[in-house]
Amino acid sequence: PTPTAQRSFPLLIPLLPSLSYDIMRSSPTYIILLLFIVLRWDTGYKPITYPRKSEGLVETYPIATNDNDNSARTMYQEFPLQIDTGSSTSWVVSSQCNRDICTAVKRLDTSSLPTAEVGKSASIEFGRGLTVSGRVVRDVFSAGFLAVKNQTFIAADDVTAPFPGSGILGLGFGAKSPVPDKPNTIFENMVEQNLIAEPVFGVRLVSHGGGEIMFGGIDLSIIKGAIQYLPVTSLLEWEIPVKGIKFANKIITPPTRFIVDTGTTVNIIPEKYAEILFAEIPGSGIDNETGLRTVPCDIDETFTTSFIIGNEEYIMPAKDLAFQRINNTNNCITGTQGGELDDQWLLGDTFIKNFYVAFRLKPERSVGIARRVDV
């Protein structure tokens, strides 16, 4: 397939729900199914299909594979990866990781990648006990019909804590990558290789897991009103300015920036501000086992959280504060947590799932936020 043919329309891929592991570290609730295409580009291809749900109809997109159906089964490997706009490097657990947490998921067999370039080692620290280390690999890396050539990722030979799916699809900026030559992310390469019509991807997350990601455009069918784009204020993160937060009777207007991070389940704010906010909620506290903040699961619906961003006020409903029930109690882990942060806060999935969020590289790096018809 040629790049010009692939640019004719955007790629919409459904997101698949998965079990949660550590809500303060990552959000395995939202993962995306990707393919590794390991054939050389001078091999004959024929299309197979990838389903898309659009306006109640099922459409199909082609995936490049070999003419020989029998051999095609051995020529690519397929993995579920968590989409993570807070990570700059993609990684997939490899068959050389023999920990129980690795053998429980599908692992990458690098010995069966005939076109891959395997380089030096690299490691990533995610915090809260998760460190990923392994070999730097470059190969064809495909999502749906988009086959991205020369994509760098890490074959994780050691992973120190539970992780989502088979790894992470890094959708941040390659400039932050721990890999020495700072390789592009898969999205940056899609744009550079002219594989997508527009230099943007859009995300729709839904409650209880799932949703969709669109590369090369935004899904206008689910947007209500206009989408507001905010300029990104960092070369390393999808970071936008936030004017303030309204909560109960409090208005907090710190000079702050928010990283929009699909890889973090909850919103994370500096602990000193968390103390101010949760002092307003009767029955709020801290769970002895996890150390995480809690609120009553039957929290009053008036406890909404409003984020003043640009010229708009985006409201997160009270039910998203009561994020996850603790056993059979009336205490719920809250969807906004305090953390060891300064003036850089995290907008995680408890915020994102209430809106449609777009991440755009050109004409300037920006994050778009829109209300949705299905929320």
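Keep in mind that glycine also has a Cβ here, set from the backbone N, Cα and C atoms.
Keep in mind that TrEMBL annotations are predicted by a computer and have not been checked by a curator.
Each of Cys102, Cys297 is a candidate, yet TrEMBL gives the disulfide link of Cys97 to Cys102.
The two recorded residues, Cys102 (disulfide bond) and Asp84 (active site), show a Cα separation of 20 Å. When Cβ atoms from all protein chains are considered, those within 10 Å of Asp84 (active site) total 27, not counting its own. Taking the C-alpha atom of Cys297 (disulfide bond) as reference, the shortest distance to any of the recorded positions Asp84, Cys97, Asp261 belongs to Asp261. Considering only the recorded positions Asp84, Asp261, Cys332, Cys97 (disulfide bond) has Asp84 as its nearest partner by CA-CA distance.
Across the domain 'Peptidase A1' (66-370), mean pLDDT in this model comes to 86.
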